[in-house]
């Protein structure tokens, strides 16, 4: 089971974290490449406004690709199987790597845009299908810890991208095309390792009706003596589904039986993206400078933020099946509310005392730790747990779409929010985190050690009223 999480993670959420991270290092080199290409092609200097526009397209087209990936990920998981979808997804990553790698020698910056769009599709599919696979193969007493594998590999991808993007490695002017095309290596790794693991047993029995292959897969994952309990659980869910075909996303919106599960997923997904984590990374460089850290050393300090996220994802993975989902995610949002308050005060009085910038710096790391401990990882885990087999792929498509739209929206609006409100933007995030914590406290039951059918029964009263 542990090796299966690694095999799906390396080409799944790792790619998302890695490709979000590596684009920051070669910014100046890509600007120079765009200028030189434009001058060679049209014999005139590139307009600064057009340069900014082209760079914005290269950076943000990744989000557009991610949205497309989220929209097709669920369908791929239904048609090709969870494992088949992940394997096919690597072909997209390899093609994207080739296009980004040859953009510089061919002098075609358009290939860079297409490559970033394709790697966005790859990330969108991975974010949708990987948690789906892990959630379905995990036994209920290990489901939380295994599902946190998605978050661990995502944060591991961010940290790896930050390290590889250092100027001493592939972040220098000579090697930036290699940096952007290096995402082919995780894809090759998954193509090498994932075929050794079985398809999702739930998919094999409930969607395909193949009981023999399901039993064989369960024996591989749980051992020949312990697989029967899981088999009985899957058979009960299969009986409940009663041959119902996987639902389309729009069918979930009209299904009263999943109304509150769907509202929960939408609130949590939007809450995760709009929680202020992007604001923290935006402010990090400014705060580090205020604390007296030189511009040359800031990339190395930024590694600390990536290490913080990775550490808390690992910690959350160890705690989730003991503490429970509710305590961790509510606690995470409440702690983020606290650090938003501290940051607002420390940024307001940044120049008053010499030690205040260090309070801001500590708050940044504390905010990231709080995010990783709850909202960062548990959001995806709960999306897998709140739905039964027929609704789960569609739920991930909806969650993925909401996530990418929120990601794109905050990327577009955030500079205006910061320019308008300055440090008081954290009061907006304080309010948002507090409201999401209150919603989770009032609506979401604890899902620890419960089967998917037991969780469905928990929501039955909410969906159909107390007298149902």
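Residue numbering: from 1, along the chain as shown.
Note: Cβ is positioned from N, Cα and C throughout, glycine not excepted.
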Range annotated as transmembrane segment - as stated in TrEMBL, picked from 227-246, 327-346: 327-346
Spatial neighbours of the transmembrane segment (298-320) far in sequence, C-beta under 8 Å, 6+ residues away: 21, 25, 144-145, 147-149, 151-152, 154-156, 158-159, 162-163, 165-167, 280-281, 284-285, 288-289, 328, 364-365, 368-374, 376-378, 381, 448
For the transmembrane segment (352-373), sequence-distant contacts whose Cβ falls under 8 Å of one of its Cβ atoms, 6 or more beyond its ends: 151, 155, 275-277, 280, 283-284, 287-288, 290-292, 304-305, 308-313, 315-316, 328, 331-332, 335-336, 339-340, 342-343, 346
Contacting positions for the transmembrane segment (146-164) when only residues 6+ beyond its ends and CB under 8 Å are counted: 1, 5-6, 8-10, 12-22, 127, 130-131, 134-135, 137-138, 170-171, 179, 182, 186, 299, 302-303, 306-307, 309-310, 312-314, 316-317, 320, 372, 376-378, 380-381, 384-385
Distal contacts, the transmembrane segment (53-73) - CB-CB under 8 A, six or more residues away: 16, 19-20, 23, 27, 30-31, 34, 46, 85, 109, 112-113, 116-129, 396-397, 399-401, 403-405, 407-408, 411-412
